[in-house]
Amino acid sequence: MGLYAAAAAVLAGVESRQGSLKGLVYSSNFQNLKQLYALVCETQRYSAVLDAVIASAGLLRAEKKLRPHLAKVLVYELLLGKGFRGGGGRWKALLGRHQARLKAELARLKVHRGVSRNEDLLQESSRPGQAYQVPRFVRVNTLKTRPEDAIDYFKRQGFSYQGRASSLEDLRALKGQHFLLDPLLPELLVFPAQTDLHEHPLYRAGHLILQDKASCLPAMLLSPPPGSHVIDACAAPGNKTSYIAALLKNQGKIFAFDQDAKRLAAMATLVARAGVSCCELAEKDFLTVSPSDQRYSQVQYILLDPSCSGSGMLSRQLEEHGEGTPSKERLQALAGFQQRALCHALRFPSLQRLVYSTCSLCQEENEDVVQEALQHNSGTFRLAPVLPTWPHRGLSTFPGSEHCLRASPETTLTGGFFIAVFERAEVVPTPAPQTDAMDPEPLSQVPKRKRRRKAAVGASMQPST
């Protein structure tokens, strides 16, 4: 299935409530998911405008075999998008017969509404507002290149490097070809919001990862040293996993689980392109993974980013016919799963640090889940005080909630996110070496006084000469 047919199928699925926009994109068989996702989002955003232009131009009357959703995608590409990709084939020829009329109807619509720009035709709720003011964050994949080399590459392409940002105001002021280094993450570059790098050669080669800053924080706060064993409990689509691998320098082991086969297949492609070699992928429900399994006996770090309502995702603002505000029943079901997954993760015997994160804004999925887990593991785990200067903290729903982090477009210029870092409050005893029950204690482990007594006894048992 080609790009335009795949985009039309996703639009039809969203409209008929077969699933969310992102979920339908991931379940498609199209190879370039990011390209498909971007095209569907933009077509959806201009949906009302495209319907008006198509109707007034009489396109569907003239082309009776052309389905409405495919027509919408094609007209978006012709009038508002990047032009037909890969030559466009028969679709370019088909739309070419109506190009003059379609352009005339778009111009007439602008005159009728008294606007000059395409985006001014959008409804207020669909215009580039707060969601489109969030900068474009680009993580340099240190498994393949260094931040300074990526910066030099962009400079040679005509971008103007402005150095390391010192405040959010520096990020808000970005425009044109300017870019910065993030003030917190040393491998994160920041570009103006509308910068599109999906076709950039460094991105296509896996040297760059297009990842929102808030999505980078869980791996950064987990911070496993090279050589560590790590579990990524709900791993797909894999951006966080690839960041963990970069922090490990591909030294150690990542056990990555996800029960969605299609998402896991897409993840396999992503981590391979990123040069990840220390990750073991498994199509498995994390709740079925046994903490007593010897394969995970050395796991000291767990990242748990479970399924959630996604209410903090910027893309939700584009899903006009999507799932909308999660219902009370759905929130309860999600929170129940999240609670089970978190308590399950805290049972791994060697665990020292766990990061729980969601892209949700709902208290039920965030502070409430964390509070319940702390109560069930009182005295064993506590919340770690992290990033004390981070401006947006957890809701004041329980003592210590200020150690949680929240993120939002308004306060941190990122997508909406929630993060809590658990650390073990007790020392895990080192297992004693295995010895035969009939063997005497190793001499090196006998206290000095006892050792002398044993030596004396041993001497008295020597044969006399």
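Each residue, glycine too, has its Cβ placed from N, Cα and C.
Listed in Swiss-Prot:
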- CYS359: active site, nucleophile (ACT_SITE)
- CYS234, ALA235, ALA236, PRO237, GLY238, ASN239, LYS240, ASP258, ARG263, ASP305: S-adenosyl-L-methionine binding site (BINDING)
- GLY2: N-acetylglycine (MOD_RES)
- SER167: phosphoserine (MOD_RES)
- 430-465: region 'Disordered' (REGION)
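Of the candidate recorded positions, GLY2, SER167, CYS359, the one lying closest to GLY238 (S-adenosyl-L-methionine binding site) when CA atoms are compared is CYS359.
Comparing the binding-site residues LYS240, ARG263 by how many other C-beta atoms lie within 10 angstroms of each C-beta, the top residue is LYS240.
For ALA236 (S-adenosyl-L-methionine binding site), the spatially nearest entry among the recorded positions GLY2, SER167, CYS359 is CYS359, judged by CA separation. In three-state terms derived from DSSP, SER167 (phosphoserine) belongs to neither a helical nor a strand segment and is classed as coil. On the backbone, the CA of GLY2 (N-acetylglycine) and the CA of LYS240 (S-adenosyl-L-methionine binding site) stand 29 Å apart. The full span of the recorded S-adenosyl-L-methionine binding residues, CYS234, ALA235, ALA236, PRO237, GLY238, ASN239, LYS240, ASP258, ARG263, ASP305, taken as their largest Cα to Cα distance, is 15 Å. In the three-state DSSP scheme, ALA236 (S-adenosyl-L-methionine binding site) falls into the coil class. Sequence-ordered, the extra residues of this chain that approach the S-adenosyl-L-methionine site, with Cβ no more than 8 Å from the Cβ center of CYS234, ALA235, ALA236, PRO237, GLY238, ASN239, LYS240, ASP258, ARG263, ASP305, are ASP232, THR241, ALA256, MET267. Fewest Cβ neighbours within 10 Å among the recorded positions ALA236, CYS359: this applies to CYS359.
ARG263 (S-adenosyl-L-methionine binding site) carries a helical DSSP state (H, G or I).
Its Cβ placed at the centre, SER167 (phosphoserine) has 9 other Cβ atoms within 10 Å. With respect to their backbone Cα atoms, the residue listed as 'phosphoserine' and CYS359 (active site, nucleophile) stand 23 Å from each other.
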